[in-house]
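Annotation comment: TrEMBL describes 92-102 as compositional bias 'Low complexity'. Annotation source TrEMBL lists compositional bias 'Basic and acidic residues' at 112-122. According to TrEMBL, the feature compositional bias 'Acidic residues' maps to 123-134. The feature domain 'PROP1-like PPR' is assigned by TrEMBL to 257-418, 439-580. Under the heading region 'Disordered', TrEMBL lists 77-134. Look at TrEMBL and you will find 256-290, 462-496 tagged as repeat 'PPR'.
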Amino acid sequence: MWAVRRASSSFKKQVFMTGGSRICYATSGISSQCLKGHNDGLKGDSNVISHRPLTYRGFQITAHGFLRIFRESRSFSSQAGTKSSGEEDSSSGDGFSELESSTATEAIQEVNKVDESVSEHELSEEDLDGEDVEAPQELLSDTEAEINKRKSPRNGVSSALFNAIMAAPALPVSKIMDKWVEGNNVTRVEVAAAMLNFRKRRMYGKALQLSEWLESKNQLTFIDRDYASRVDLIAKVRGLKKAEDYIGTIPESFRNEVIYRTLLANCVAEGDLKKSEQVFNKMKDLEFPLTCFTYNQLLLLYKKTDKKKIADVLLLMEKENVKPTHFTYRLLIDVKGQFNDISGMGQIVETMKAEGLEPDVTTKSILVKHYISGGLNEKAENVLKEMEGGDTKATRWACRSLLPHYAALGRADEVARIWQVCESNPRLEECVAAVDAWGKLHNIEEAEAIFDKMAAKWPTLSSKHYSVLLNIYANHKMLSKGKDLVKRMADSGCRIGPVTWDALVRLYIEAGEVEKADSILHKAGEQNRLRPMINSYLMIMDQYAKKGDIHNTEKMFHRMRQAGYVSRATQYQHLIRAYINAKAPCYGIADRMKADNIFPNKGLANMSAQVDAFKKNAVSDLLD
């Protein structure tokens, strides 16, 4: 695991039993060569995490709480119902479904499922699709965070400055601001409200331009949160390298834990394992007091890349006396659920309660998702009734979570009952949930009727809202209706971006037109300054791999690199599968994975061995 400073000069060994195997964890001192200066771009020893069992040194831990649950009885690989070891879990895409959609504070967005942060690009008025998202609270300035707490959930935050910038989308923000200050005062509250609106709509390019103008014109006295917000925006718009470079220009007195945890969050969102570990080690090297937010980022990272290391993070949290948050428990529940460890999920919930944290709606929603996937429908319905309470009208806020879960259970009667509560005066998110729910129940007419009501009530729907219905058409191979809906989007003035491209790719793939899907994605990437979602590439890559089409699978692999996506095990699984299905050797595949810092699990290693051109077998040994 990563390197951390020894707590004392004495060394004690702690051995943990996981399944039937002995796994030991270790820490050692940070290398003096590792991550030296701010201007070195965090170029340190990349070998900060060992990939073999080690001895955990420096302190003794009394196992209790959430850590104990991850150290007792069963390993990840031995869980009942574990998915095939040859595949990374992809049930949640590159993100967390429930986790990322409802806790953007921790996940920074998509998150790799959403992870649509734009690398190596300058954006203007067409930042993504303009869809609403929850602002990342941890990365907001104190003023932005306070306004975010006070905002109306229905109306958001009013900002004259934001409206002025949006009224002239073709003009640079600097020119609009030069005019604005002639008759208006630039207050921190007004700027914070504008920033919150830009973040809510993922218009990071506009937010970045505003931040740069404010600093260059000395309109605000920047503090650490303002600099952290800038780091976040640069990472999303121009990429991690530019964000690192900017950190070197921040006054040293403000170059604190908030700055580096912001960079860490964006590294994790990009799925960059090596860079994430380097940034974390830099934070340890600078002896910053690390918050639970920072450790949660590591949990997110290893949840995607190497679940065995989750226990290592929990050990460090316990050593440093860092208390887990609601998000920490949600993540651990989700990990257990992915391995169908229902009893483990229950243990974590009980530990959570013992620590004084009651499971909220989001946590219960994650439990329901895994109960349903595990076939435990009765348990799922019991939790749904808890979420609903005795009076659905009194717990109206839970309806948007209840609708998709009842649909997943096949309970059309319950979907109709919950929707009846909302129907007379529906909220936008409830309409979206209802459209999605009826789509899952294959009631296309009802889904379309609710969508039409939604479009009539909110004429300026974003592509996120259109994409819900577009995905329903894709799932039901309704290509003609999907095309008509996209035309309707364009006619309404809705901006089309990565979310829509992803739905279009699915639409054509489900219709059996993979080449058309490929063409759409290629044109979208060439004609726009936005990069498509990683899932769009993976869907097409998967189709080519199934056919054994090595040329086009390699082409998609290369295009993902060109788009700025870090190579992960998932891409290599698809690539190797193409060679397996083509019954062709894949020369140098092990070296390619090593160069990308990919350490294959047992399943991926077995796949790799199948395409090894130089593998030995009994016959070849005899001939040799």
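Just so it is clear, glycine is given a Cβ too, placed from its N, Cα and C backbone atoms.
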**OP:** Take the domain 'PROP1-like PPR' (257-418) and average the pLDDT across it for me.
**Re:** 92
Original post:
Going by DSSP, how much of the domain 'PROP1-like PPR' (439-580) is helix, how much is strand and how much is coil, in residues?
Top reply: 108 helix, 0 strand, 34 coil
**OP:** Please work out the helix, strand and coil residue numbers for the repeat 'PPR' (256-290) from the DSSP assignment.
**Re:** 26 helix, 0 strand, 9 coil
